[in-house]
Amino acid sequence: MGVARPNFFIVGAAKCGTSSLDRYLSQHPDIYIPPKKEAHFFSIPDFPERFTGPGDEGMNLYTIRDEDAYMRLFDGVRGERAVGEASVFYLFYPGTAQRMYDAYPDAKILIMLRNPVDRAFSAYMHLVRDERETLSFRESLAKEEERIRQHYEPLWYYRAVGLYAAQVKRYLDVFGREQVKVILFEEFARDPVQVVRDCCAFLGVSTDFVPDTSIRHNESGVPKSRSLYNFIAKPNALKEIVKPFIPAAVRERLGNRAKSMVLGRMEMEPDLREELTAFFAPDVARLEALIHRDLSAWRRPARAAGSQ
């Protein structure tokens, strides 16, 4: 058997449901996605030497910079027809699409998008959840340009990552529309099984498949109890003791369910939601024309939908 090669990519955007889509698709018997998400191999030339934000060391450590190490992600392939990986900043970095195409010109591209105001606030809550963001949302938005100059990782780019139109256009221009599927988070949240089946059809595998969508993955939120959340989310002696006796898939399911139970919601200030909705409106209009989808709901400062 030859070396397995990827033939599809989930390229982002961050905080748009990509972790859940990744895990749901990986349940399909004819789809292989490595357990490790966020390799970001094709974005390396666009990266700074190091990301410098609080907690960004994980991004520095786990990004795959070596081609042999990247190909080893697919050592577990056992004849699956669709082989892919998910890295949420592939969409954001401008050189990624062309590098990906140069290596795999027939690859299929899955892009997940979300109301950019909700996406920005979800990224903020994610960083608050992980004790990395210490400012208010309004204060952190004022710091965004400075953080970009200081080479924080893109999860901190609350506005910039949500300017989707140019990012999506790069993939459409490079791969062509027939190889790119755009998924809206709001549709995914409403009917994840149907969206997964649509993705299966796009990837050329059987649609006679019902994924377990009972668990959402990598949810954002603010811990109701910081000590309890840290016990669930971080390594500790008790978890190491029971680890050999519980299969990895079961541990992941239990951990995600427990984290979801202890995460609470924050509410964005209404006037700030209005400001951000107005900021993103011109880009949303460009995206709407580009992907031929009705995004009028994104131009209204309504309450957020979904919680990932």
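Heads up, the Cβ atoms here are built off N, Cα and C, so glycines get one too.
Curation plays no part in TrEMBL annotations; they are all automatic predictions.
According to TrEMBL:
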- S26, H28, I31: Mg(2+) 1 binding site (BINDING)
- D173: Mg(2+) 2 binding site (BINDING)
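Positions of the features from TrEMBL, shown on the structure.
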residue	record	DSSP (3 states)
S26	Mg(2+) 1 binding site	coil
I31	Mg(2+) 1 binding site	strand
D173	Mg(2+) 2 binding site	helix
(message) Please list, in sequence order, the residues in the chain of S26 (Mg(2+) 1 binding site) that are at least six apart in sequence and whose C-beta is under 8 Å away from its C-beta.
(response) Y32, I33
(request) Determine the Cβ neighbour count for I31 (Mg(2+) 1 binding site): the number of other Cβ atoms within 10 Å of its Cβ. (result) 22
(message) Let me spell it out: for each of the binding-site residues (H28, D173), count the other Cβ atoms within 10 Å of that residue's Cβ, using every protein chain shown. Which one has the most?
(response) H28
(message) Tell me the Cα distance separating the residue listed as 'Mg(2+) 2 binding site' from H28 (Mg(2+) 1 binding site), rounded to the nearest angstrom.
(response) 30
(message) I'm trying to understand the geometry here, so how far is the Cα atom of D173 (Mg(2+) 2 binding site) from the Cα atom of I31 (Mg(2+) 1 binding site), in Å to the nearest whole number?
(response) 26
